[in-house]
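Please read the structure below before turning to the comments.
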Amino acid sequence: MARADGRSDDALREVRITRGYQDWPAGSVLVEFGRTRVLCAASVQEGVPRWRAGSGLGWVTAEYAMLPSSTNTRSARESVKGRIGGRTHEISRLVGRSLRACIDLAALGENTIALDCDVIQADGGTRTAAITGAYVALADAITWLSAAGRLTDPKPLSCSIAAVSVGVVDGRVRLDLPYEEDSRAEVDMNVVATDHGTLVEVQGTGEGATFTRSTMDKMIDFALAGCSELSRIQSEALAAPYPGELPGGAA
């Protein structure tokens, strides 16, 4: 069965990365995977969590949330409910540890970079879009910190990080699932990888069926190829000058 949007099984949706979407954070990005849109902001904060104080190491943390109207049925804000849901906690932790995989925390000194990922519109793959966009916001925050003279190493990023969903739908392995496919997938997987082709995290579940080792291998092959293309798109976005004003008027 053909995909509703006409893509081949191994094709990404149209991906757009817009840097400098907000004026105030050190890094901000609007990332779009098809109709999924996520605003990713990287804010620099002096100091680190209490358990890390005195270590000389920095920290990178993340918070993920969905706007009430990001889906076709409005959901109440978790702040109004009085508790953060398990899914939100899980994805926030995933984004944070994915981005920590690419950075030398010692180079930050005792500074924290907080990544806020807010889903404006959800059509599948929000967590993978958040990771992909958050890396670009993080890279811009590193540029800002470097201009401010607050890094002990001018190049603390060892690689880029991207993520994509992959699954089995209608018996076929498919890349970058929109909601229409994700909601009926027999197998669902999220893959986080570096631009070197190494894996950061793999989350896979047989939602409606078990799956074979050969199917898993094909899914990971599709995902790594997709992450490679996403890394290229990230690199193109970051090739342009820093989109805001740097400390000290640096260009």
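Residue numbers in this text run from 1 along the chain shown.
The backbone N, Cα and C atoms fix where each Cβ goes, and this holds for glycine too.
From a predicted model like this one, the values you see are computed outputs, not experimental measurements.
The phosphate binding site annotation in Swiss-Prot covers R87, G125, T126, R127 and is backed by sequence analysis. The number of other Cβ atoms within 10 Å of the Cβ belonging to R87 (phosphate binding site), over all protein chains shown, comes to 12.
Counting every protein chain shown, the Cβ of R127 (phosphate binding site) has 23 other Cβ atoms within 10 Å. G125 (phosphate binding site) falls within neither a helix nor a strand when secondary structure is assigned with DSSP, and so counts as coil. Of all Cβ atoms in the shown protein chains, 27 besides its own fall within 10 Å of the Cβ of G125 (phosphate binding site).
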